[in-house]
Each structure stands twice: as C-alpha cells, then as structure tokens.
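This report concerns only the one structure given below.
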Amino acid sequence: MDATACNGSKDSSPIFYLVGIPSLREFLFLPVSFIFLFFYLLILVGNTLILVAMVAEPRLHKPMYFFLINLSALDILFTTSTVLKMLSLLFLGDHYLGFSACFLQMYLFHGLNCSEAFILVVMAYDHYVAICRPLHYLVLMTPQTSAALAASAWLTALLLPTPAVLQTFHMAFDNTVHIYHCFCDHLAAVQASCSDTTPQTFMGFCIAVVVPFLPLLLVLLSYAHILASVLRISSREGRSKAFSTCSSHLLAGTYYSSIAIAYVAYRADLPLDFHIMGNVVHAILAPVLNALIYTLRNKDVKAAITKITCPQDPGHSGDP
C-alpha cells in the first residue's frame, strides 16, 4: 500500500491501539490477567532469588553459574518488557501505547529474545569444554573469557534487531494504528503500516529464521561432541553423571522451536490468534521453564537458595 493512503498527520506521532487477543471474550480478561500476573511474579521472585543466591554463594562463582546469572537477568528483563503492558491491557483496559514506547518495547522484546538465544549457545559451549576438554577447562574458561562470551551474546543480539526496528520506525502510519497483538511486535506493527510492507516482512522473516536456527545448530553441534565424548566414558557412573548434567540443557530446542513457530506463523496460512498466543506463551513460559530446567534442578543452586531463604534452618546451622 502506498504511504499516501495514510491519514496520519505529519505534525503528530501516531498512537498505537493494541487489540490484544481478538477471540478472547471480555469476561475472560480478568482470569487471564491473574494467570499472567501469577507467572510474572513467579518469574520475578524466582529469578531474583537465583541471582541473589549465585552472587552471595562463593561456591557458585564458576563460569557455568555466571552464564546462569545472565540468563536469569535476561528472563526478568524480557518478561517485564511485555507482561506489564499485557496486564495493563487485560486488567485495566489500557489499549493505547505511544509511538516511542511502542518501538522501545519492540526493540527490547526482540533484542532480549535474541540475547537469550545466544546465551544458551554460550552455555552449550561451556558444557562442551567441561566434558570434552576437562583438563583445559580452567585455561579456556577464564573469568575474562566468560565475560567476553557473555558480552558478545548481549551485544550481538541487541544490535541484530536494530535495522528492522529503525526501518519500521520510519514507515508511514495512520494517526491511530490498530496492532493485532498484546504488545508491540515487529511484524504486527509492520502489517498495520500504510507503507509497502513486503521488504520489512521479508527482513523480519529472515531474522526469525536466523535467530532460532543458527543458535540451535551451534547448540546441537556442541551436544553432538558431548554425546560422543560421554559414550567413550568407560565408567557407567561417569556416563550417568554426564548425561544428567546435560540432559536438561537439551531442552533448549523447545526454546528455539517456540521462536520459530511464533514468527513463521506470519508467513503461513494460520489464524491470527495462533501467532499472538505463540508469542505470549513464549514470553511467559520460556522464562518459567528456564528457571526450572537450568537452575532449580541444580543441587548447588537449591542449597544456596535454601541457605538464603531459611538461614535458621537447623540442617544448615553447622555451615561455616
């Protein structure tokens, strides 16, 4: 569509109206908002406890836990960038979002999403070094190397969505733009524009393909080497321990799959609600699963959290 078809004024910024989930009945808004609030508080409290425990417990000052600190921080920021507006929409009926606020939310959602995908790659590499090259682990995974890997994951991912967001920012919009989503998603905003959406839709689709599949390929490559190394361990107990250490991390595939499903739905002939719910579930469920899979199943992390939350516990009274 030509930009001249827009009715927007050049003197004022457009206002975005978030439609939400079109098929969701109004009487369900309140119970759904309570469900979202419950999961958000679970993510916020759980990841905050994890962060405090890992920083406070000297035994957890290792590369693996350093990357888990990054993952927990990402989950808090990633969820906050979307869920607060979803709660405002469902609970208070506040559908409006300013022009700048919309694009800030868009950038944060996609940038933090990409960062998390790359942090999972870094964690897979850390496991590869720990299991396949244990004698070189302390040399290869120094604090400086760990910090550089984490910083690279953050920086690369936060730069990746920038071109798409900036180009969308300069597209033409009406004064009031109806976004068929619960938050300001890139492709939802593109489809609401009066400009030609083909280049932006194609760019968004390419990013959606690269972000899940390239990191997933690297993760699978790391775990293929880990699997080959584990199978060479002669001790049954050693193999069992190595498998138990890495088995939960293989569920990272579900994270990348949810990204792919959420975005590819725009290109496929699927109902609009399918895409919206895919993004919503990804924004809420992925951080919950991360806390359960990567940290709360870890005995050292659970012990550190127990030590902080129950300092008078008789079972820990003898700890130094």
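Glycine is treated like the rest: Cβ placed from N, Cα and C.
TrEMBL does not curate its annotations; it predicts them automatically.
The transmembrane segment feature in TrEMBL is assigned to 27-52, 64-84, 104-125, 137-160, 202-228, 249-268, 274-296. According to TrEMBL, the domain 'G-protein coupled receptors family 1 profile' annotation covers 46-252.
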Inset, instruction - May I ask for the residues of the chain that lie six or more residues beyond the transmembrane segment (104-125) and have a Cβ under 8 Å from a Cβ within it? - result: 64, 67-68, 70-71, 74-75, 77-78, 81-82, 85, 97, 149-150, 152-154, 156-158, 160-162, 164-165, 168, 183-186, 189, 207, 211-212, 215, 218-219, 222-223, 249, 252, 255-256, 259, 283, 286, 294
Inset, instruction - Please check if the transmembrane segment (274-296) comes into contact with the transmembrane segment (137-160), where contact means 3 or more CB pairs closer than 8 Å and the residues in each pair are separated by 6 or more positions. - result: no
Inset, instruction - State the mean pLDDT for the domain 'G-protein coupled receptors family 1 profile' (46-252). - result: 84
